[in-house]
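Asker: One structure is given below, represented as structure tokens, and several questions about it will come after.
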Amino acid sequence: MAKKKKAGKESEGSNIRTPIVCVLGHVDHGKTSLLDWIRGSSVVSGEAGAITQHIGATLVPFDAIGRMSGALQNLQINVPGLLFIDTPGHHAFTTLRARGGALADMAILVVDINEGFQPQTIEALEILRTYRTPFVVAATKIDRIHGWRVNKNAPFKKTFETQGDRAKQIFENKTYELIGKLSEMDFACERFDRVSDFARNVAIVPVSGVTGEGVPDLLMMLIGLAQRYMTEALAVSVDGPGAGTVLEVKEERGLGMTLDVILYDGTISVGEEIAVATADGVINQKVRSLLKPRPMSEILVEERFERVKTVTAAAGIKVSAPHLEGVIAGSPLRVVRTPADRDEINEEVRREVEEIHVNLAEEGIFIKADTIGALEALAKELQDHEIGIMRAEVGPVSRHDLIEVGTIKDKLNAVLLAFNTPILPDALEMLKDPTCRATVFTGDIIYKLIDDYTEWVEEQQRRIEAARFEHIILPAKITILEGCTFRQSNPAVVGVRILGGKLRNGVNLVRRDGKRIGQLKTIQIRGENVSEADAGAEVAISIDGPTIGRQINETDELYAEIPEHHVKVLEKEMLPTLKQGMKEVLEEYTSMRRKEHPFWGK
Ligand SMILES: Nc1nc2c(ncn2[C@@H]2O[C@H](COP(=O)(O)OP(=O)(O)OP(=O)(O)O)[C@@H](O)[C@H]2O)c(=O)[nH]1
């Protein structure tokens, strides 16, 4: 699997660095529980090489994994361990970027085996596809399968052997459902112990984040992925200049403003110069100190952090330096080794922050999100839905944004989608004003945001159509009832039956020979004025123009006169919405007209 990330310069010190792992999946499917179990049980596995807490991440060294899984003795292991990003979810995944790609080298996609695929599972898969990130599927909560016998911490095979036939059957069915769903999305996959070609198939590992069953297998699969397919991508020059991503900008007592950074390449040391981005441009500062969390056992020590001189990728580290106020979370951090490199590196940092991979269209909507990664993920989904984007920006929704959106002519495009980013108070105020033309949709789930927007568009289109069709004169055919002439003329008042279509006030009436006889003034049902009447109804109408017994007679049939351009709309656009009876009247009417002029209304 190709990785976009570049390794550092080749040098004598080349080494394989710790792969970075991120956990993704639908809400409540068990991401946090699984991470906790991995972290917790490796603490318990104790002694040498147990986990080390990083800033924003946890390093699970390989020997701890080995002890947990037991089955690894025969494997050649070249990676030191796995660095798990502590914050699960695809928002963290898209925020943490490294040189235009995803920071995480690999991912665990968590799916509750009992619930199967959910909207955010699909969203996570699309994100993994976009970033071409290798991943394994953790099918969680196997212990909830009806009749499951728990074997705490056991590898999958072991626990599966002890299950009864019924539990096994349910499990197999659920697994096949998962495989089916993944293949619908063009991911070939198999249960991990049945995969023969890991380059072609995504492995599904059944696990429980509560009992730890299957977790050893999951870790083994991750190590395998890293080893087999990423060796090249993970090769770093240990002593090359450090490159990382800013997770958070935080004020710490006694230290001032600090940066929590995931270092993914090279080395960073105290005293070195760094380049990071602020909202006003790139700044350069000297590293004052590098800090790691203290191990749990020493937590009572006055200072919460331990100072180190040098850190090598991959690692989570706190960086203290002067004047870090204004640094953007998500900004790249680069070490500048010599002043000669400064301009070039600063330019690279600037470009990385500004480079938003979104294809903009001449016509379309506005989108905003809290991070570049989130913005790109939203843009990608919109493009897949063929929704044009005119502008894409990071940040909260401002009054200024709404004014600009409001200038877009097409109402359906005068829209702003705000993904995971707030609306500022003055913009909120503006939205309350009924004259504000901008429509804003907010949300923190991409598919939901897009659904809300498309549903709104459909509703608007229905309304626009309805408003346009409202003025179209509908077909109607009536007959004057015998003995029901109540007034001969000025206006003529007669009883009629509507033979077909819908009769509306104000229409002109024509005879079967096409000659107009007058205008319909009022319709009454049992003495009450109404504006329209449907087929089958018997009503009294007044007509301005004719005299009964002269231009028209009792038992005559009349039509509502339909102008030629209305016939075009009726035949070309409204036909599917017309009832059968109305269509028949329309046909009679047009054939009457077309006797003389064959192309009338065409
Ligand atoms: N029985 C069982 N329960 C689980 C398992 N994994 C998670 N749960 C439970 O499911 C619920 C949600 O689990 P979390 O780990 O918080 O899920 P999450 O995906 O991190 O949730 P969000 O952070 O809200 O997206 C909790 O009540 C867990 O105890 C599992 O493997 N087995």
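Here the Cβ of each residue, glycine as well, is placed from N, Cα and C on the backbone.
As listed in TrEMBL for this protein:
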type: BINDING; residues: 25-32, 86-90, 140-143; note: GTP binding site
type: DOMAIN; residues: 16-230; note: domain 'Tr-type G'
Asker: Given Asp28, Lys31, Thr87, His90, Ile142 as the binding-site residues, which ones have a Cβ positioned under 6 Å from some atom of ligand 1?
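Answerer: Among Asp28, Lys31, Thr87, His90, Ile142, near ligand 1: Asp28, Lys31.
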Asker: What three-state class does DSSP give Asp28 (GTP binding site)?
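Answerer: Once the DSSP labels are grouped into three classes, Asp28 (GTP binding site) ends up as coil.
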Asker: Hey, what's the Cβ neighbour count for Ile142 (GTP binding site) at 10 Å?
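Answerer: That number is 29.
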Asker: Per-residue pLDDT averaged over the domain 'Tr-type G' (16-230) comes to what?
Answerer: 85
Asker: Which one, from the binding-site residues Asp28, Lys31, Thr87, has the smallest tally of other C-beta atoms lying within 10 Å of its C-beta?
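Answerer: If we count Cβ atoms within 10 Å for the binding-site residues Asp28, Lys31, Thr87, the smallest count is at Asp28.
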Asker: Relative to the Cβ position of His90 (GTP binding site), how many further Cβ atoms are located within 10 Å?
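Answerer: Looking across every protein chain shown, the total is 26.
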